[in-house]
Each structure stands twice: as C-alpha cells, then as structure tokens.
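In what follows, a structure is listed as structure tokens, so that the remarks can point back to it.
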Amino acid sequence: MGSAGEKLDLELDEEIPFSSSQGTIKIDSLHYEAPHIASPRSYRSTRVLRKMYQISLLRSIYIVIIKAKINVLLPFGPLAILLHNLTGKHTWVFFFSLLGITPLAERLGYVTEQLAFYTGPTVGGLLNATFGNATEMIISLYALNNGMMRVVKQSLLGSILSNMLLVLGCAFFSGGIIHHQKVQVFNKAAAIVNSGLLLMAVMGLLFPAVLHFTHTELHFGKSQLALSRFSSCIMLVAYASYLFFQLKIQPNLYSSVSEDEEHNSADSEEEEAPEITQWEAIGWLAVLTIWISVLSGYLVDAIEGASDSLNMPMSFISVILLPIVGNAAEHASAIMFAMKDKLDITLGVAIGSSTQISMFVIPFCVVVGWFMGKPMDLNFQLFETATLFITVLVVAFMLQEGTSNYFKGLMLILCYLIVAASFFVHVDPSND
C-alpha cells in the first residue's frame, strides 16, 4: 500500500505542472457545479504544493550552505563567538572570525549573482558590486561606532588596493593562462570612465591630507574636517550621477566589444540558469548580511588585541588581511568570468567595486560619522594616499589598451606584494 500511495503522489506531481488550459476550465466548472467533488482534488493539490515548497527550501539550503566546498569554514564563526565568551583570547577570536566571514562573503556574492538572473545584467552588476562590498561597509560601520577611524580608513583603502591589484591581477593571470592562444579584449570606454572616477577619489583624499601636513588650514583641525565633509557630499553626487549615466543615459556602455563576443555571451547565458528562485535569493541576502554583521562585531573588537599579541602592525591587519576576506566574493567572481573570457564583467566586478568603495562607501562613512558625532575625515595620511595614487596610475596604464594577458596580471600581483610588504613595515603615525 505504501508504494501504491507513493506512486499516486508521483503521478499527481507529474500531472499538476503540465495540466492544460482545458483541464483547468473543467476543474473550474466542476467546482462551480459540485464543490464537494473538487475539494479532495484541491486538498491534494495543496498538499503537493506544500511538499514541493519543502523540497525547494531543502534544495536551496543544500545549494547555498552545503554544496560549496568553501563552506567547510562556516563552523569557525560560532567557534569565534564561543571563544570570545569563554576565553577572551583576541588572537583566536580574530582569526576564527576572519575564517568564518570568508565563506559568508563568497556566498553573498553567489546569491547576488543568482539574483542578477532576474534583474538583468546592468542592475545585476550594480547589485554584485553593492553586496560584494557589504562586508567592508558593515565592518567599517562597526569600527566607526567604536571610534576606530584609522581602522575604517585603512580597511577601505586596503579593499580598493586589493580589488585593483590582487583581484584584477589574478583574473588577468588566470584568463591569460586559459586563453593563451588569443588576446583577451574588453571595453576600453568603461575602463576609462572608472579610471576617471578613481582619480577623482584620489583628488578628494589628497587635498585634506596636503592641507593637514602643510599646516595651511584656516582653522587648525576644523578646516580639514569641513573640507572632508564637503568633498564627501560632492563625491556622493558624482557617484549618483555616474549611476544615472550608466543605468539610464548610456545603458550599453558596458556592452561587449564585438559581435562575436555578444554571440558567445548569449550562448553561455542560454546554458546557464539560476539555481534558486528570486525570493530565495532575497531571503539568503538578508540572512547572510545579518550573520556577517554579527561576526563583524566580534572581529572589530578583537583587532587591537590580536595586533598586540601577534606583534603585527594594525595597518597591515587593516589594509591587507581584512580586505582579503571582504573581497572573497569579488575574487571568485572576477577569476571565474575571466576564465570564461568575459573580461567586461571582470572589470565591472573588480574596478567597479573599487570605484564604489572610493566614491560611495568612503564618503558615506564620513557623512555617517558626521551624524554620529565622530570626526571621520578624508585625511588618509600621506603614505596611504600616495599608495592609492600610484596604484590608480598603474592600473590606468594597464587598462588603456583595452587588452589583457597573463603578464599584465602577473605585474599587478607583484605590485600588490610590494604594497603588502610596505604596510608590514609601516608604522602608523596616527593615534586615532
């Protein structure tokens, strides 16, 4: 009997999705004439739909939580909270929080890509950059609330450097190795626009630092902060204008560089399909963001203790270690798209993320600090500002030809190693 009942349920499962319009009309007429005849069928349909919903939910949990190999690091998050409450050892809490956030950041990027199937490529790229930077923004807001302005500045600066040198370098290197038999090309116009925005961000960070270190402020300690807040508002307006330009005025700015690439992209999009539904993706975005927020609080609280116990500079932890974790989503996405010869999307992820941090996240933190009564400004010190300026110039020269190869990627990676070594021996003069 049990097998017969299961067979009946399976037959019902097959009948319901493929029922024709005539069958629907017939059921409606039966329901109108004799409700007691249609009610058992309605009950069975409700039960089948409930089973289908449960199966869909379990499948979604399997895809997001269990399927990815990087999720073996997920237990380190609860372990970090447990260690914080039981032992208070900042070093272990810091590293366990770091390991626990890494798969969450990668899964956040994956769920955003799934949501992009339903929103379109332009809005999807914007969502990917936004939620890809959610980890950095959450960590920054926690540090800002604790008055750790230098951690905010250095972690955001490190995220920009990581995206422009390490993420883009690994993507160019991987794509160049896979497609060594041809020259990979991308849309040069999009790269130039992003390079211009990054140079504008450097300008916004440079003037407060120069004003401070040349001692030419009209009101010492106040003019620098006022200039930073004014420049932040201007940068937010510029970024909003850029979004309007990208989404409304010239939505095809990031289109492929040739018709062949458009056809290849269309063919690959036909092969790819979303693995979870739209509402499941939205729900997972909320769950992952909340869990990242919880772990970010423990991570920020343990930074200073970890720096002291490891005898490691705070600048190295903030500029190098934190951004590598926060950029896990961008790193995986950029390399994957480069290996698929979709360099336009790779640039949108790597350079677009750097543009969003420099033109939106940093000014946003200044404005939020303004409302919180925190003296958050755009003075990133001369060493950090010079590092960002040289990095933007190097990447702009790499992108000006509109082509990429593995050698360009290798040069960007080596440049990042120089930056990492510089911050390892750098002593932060500020005591913020």
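Even glycines carry a Cβ here, placed using N, Cα and C.
The structure displayed is predicted, hence computed values, not measured ones.
Listed in TrEMBL for this protein:
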{"type": "TRANSMEM", "residues": "60-86", "note": "transmembrane segment"}
{"type": "DOMAIN", "residues": "90-247", "note": "domain 'Sodium/calcium exchanger membrane region'"}
{"type": "TRANSMEM", "residues": "92-111", "note": "transmembrane segment"}
{"type": "TRANSMEM", "residues": "123-144", "note": "transmembrane segment"}
{"type": "TRANSMEM", "residues": "156-178", "note": "transmembrane segment"}
{"type": "TRANSMEM", "residues": "190-214", "note": "transmembrane segment"}
{"type": "TRANSMEM", "residues": "226-245", "note": "transmembrane segment"}
{"type": "DOMAIN", "residues": "281-423", "note": "domain 'Sodium/calcium exchanger membrane region'"}
{"type": "TRANSMEM", "residues": "281-300", "note": "transmembrane segment"}
{"type": "TRANSMEM", "residues": "312-338", "note": "transmembrane segment"}
{"type": "TRANSMEM", "residues": "345-372", "note": "transmembrane segment"}
{"type": "TRANSMEM", "residues": "378-399", "note": "transmembrane segment"}
{"type": "TRANSMEM", "residues": "406-427", "note": "transmembrane segment"}
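DSSP places the residues of the domain 'Sodium/calcium exchanger membrane region' (281-423) in helix, strand and coil in these numbers: 122 helix, 2 strand, 19 coil. Between the transmembrane segment (378-399) and the stretches 60-86, 281-300, 345-372, 406-427, it is 406-427 that has the most C-beta pairs under 8 angstroms. Taking Cβ pairs closer than 8 Å, the transmembrane segment (60-86) reaches residues 92-93, 96-97, 99-104, 106-107, 110-111, 275-277, 280, 284, 291, 294-295, 298-299, 301-302 in its own chain, all 6 or more past its ends.
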